[in-house]
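These come from Swiss-Prot:
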DOMAIN    5-125  domain 'MTTase N-terminal'
BINDING   Cys14, Cys50, Cys88  [4Fe-4S] cluster 1 binding site
DOMAIN    152-384  domain 'Radical SAM core'
BINDING   Cys166, Cys170, Cys173  [4Fe-4S] cluster 2 binding site
DOMAIN    387-449  domain 'TRAM'
Amino acid sequence: MSPPRKLHIKSYGCQMNVYDAQRMVDALAPEGFVETANVDDADLVILNTCHIREKASEKVYSELGRLRVARDEAANHGRRMQIAVAGCVAQAEGEEIIRRAPVVDVVVGPQSYHNLPQLLAKAEQHGRALETEFPIEDKFGVLPQPAPDAIRARGISAFVTVQEGCDKFCTFCVVPYTRGAEMSRPVVAIVEDVKRLAENGVREVTLIGQNVNAYHGDGPDGRAWSLGRLVRRLAEIPGIVRLRYSTSHPNDVDDDLLAAHRDLPALMPFVHLPVQSGSDRILAAMNRKHTADDYRRVIDRFRSASETIAFSSDFIVGFPGETERDFSATLALVAQIGYAGAYSFKYSPRPGTPAADMVEMVPAAVMDERLEQLQQLIDQQQSAFNKAAIGRTVEVLFERAGRKPGQIVGRTAYLQPAHVMAPDSIIGKVLPVRVDSLERYSLLGELASATSRPADAMAATGA
């Protein structure tokens, strides 16, 4: 019996890439691959790339330069290391990667991960392999399911892709070009995935998609189901005590989703709802198809459905043509909404997007100054949100052992890390924690009660 081959995946960017990395591991497991954290030991290295962040392509080529050294070192010891580039940079620039980086054996787009074994074999025979077409077949129908041991090893929280692609075509974004048109998975397939996860110890599931609340998958009744209806069905699965979803578009928030937040204790009251700018002029230039007041009204509808709901968001500063007045409108929006956290970035052009051809570029120094201002405001809001937990009792789902002896780490409904000193038998349980203090972004406290209900019982009671 031949020894297992070692696989190292380095993922960049969004939660979808984290999920995709796991599915690539599942696809390669039948071929004898096992994961390793040490890139130098790997027989196959996959760079799972993201095209959203600044200088995404340059980072890929820089990493490939380092991998060339590791590959040469492996060859000196009589071992062949294959290198693959996956993800959105691979999709957008596949042929260029093949041309510029001879060290790469395989380039594969996000829609073709189920073909990885065949592509690796092709590269062995012919030197290199490239697949970045959008296939007709649904990759989710042919990707192998994770083994029970693999699910348990990944912990009590899991991502499940329910929707992929985007039809919005924001002028700054490459996602419609790298992930394709919106596609929703059938309800039955998602339910089967979540049941399998729950049966193997998963207690929290985050439903993910580039535009997740545009979900419209085929239901068992022959009709398209909304995200809200899907969440209701998943909340019925024994063992699942927490449900989340990300990332949403303001225009696709509907009554079904709001009602789910009103009715379902398992649906966490924390929503990531990107807005990008508080200026109507910039929102129009971004092709967001909503105004700042439209966004405010969506926030108000969420708050009417759930008094405990909180929000995070995404912001871009320095979009072409952004004036001080536009930026002030963004600050005003942030101040009015009040976020538990947010991500903010300086604009950087993505080749092939309409915004890349806009000529009114904001000077880099101005972008730096605006980003600092915005981040200061967001940090103040996040700090205030976290400090509000001191002295209160919050529900925490415990996930793993902490760094200190006897420490167990979990997360609140709002994804705040929470640390207590307790036995590891509490892992997988939702318990009340009395918060005593903060350490950076983490809550420190004590278990509020010696009695607890296991996650399975909480799911059954709807608590």
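The backbone N, Cα and C atoms fix where each Cβ goes, and this holds for glycine too.
Take the mean position of the Cβ atoms of Cys166, Cys170, Cys173, the recorded [4Fe-4S] cluster 2 site; other residues of that chain with a Cβ within 8 Å of it are Lys168, Phe169, Phe172, Val174, Val175, Pro176, Gln210. A helical conformation is recorded for Cys88 ([4Fe-4S] cluster 1 binding site) in the three-state DSSP classification. On its own chain, Cys14 ([4Fe-4S] cluster 1 binding site) has Cys50, Ile52, Thr247 as residues at least 6 apart in sequence with a Cβ closer than 8 Å to its own Cβ.
Here the binding-site residues are Cys50, Cys88, Cys166, Cys170, and the one with the most other Cβ atoms within 10 Å of its Cβ is Cys88. Taking a C-beta cut-off of under 8 angstroms and a sequence separation of 6 or more, Cys173 ([4Fe-4S] cluster 2 binding site) has the following same-chain neighbours: Ile52, Cys166, Arg350, Thr353. Summarised by DSSP class, the composition of the domain 'TRAM' (387-449) is 4 helix, 36 strand, 23 coil.
Taking CA atoms as the reference points, Cys88 ([4Fe-4S] cluster 1 binding site) and Cys170 ([4Fe-4S] cluster 2 binding site) are 16 Å apart.
For the domain 'TRAM' (387-449), the predicted model reports an average pLDDT of 96.
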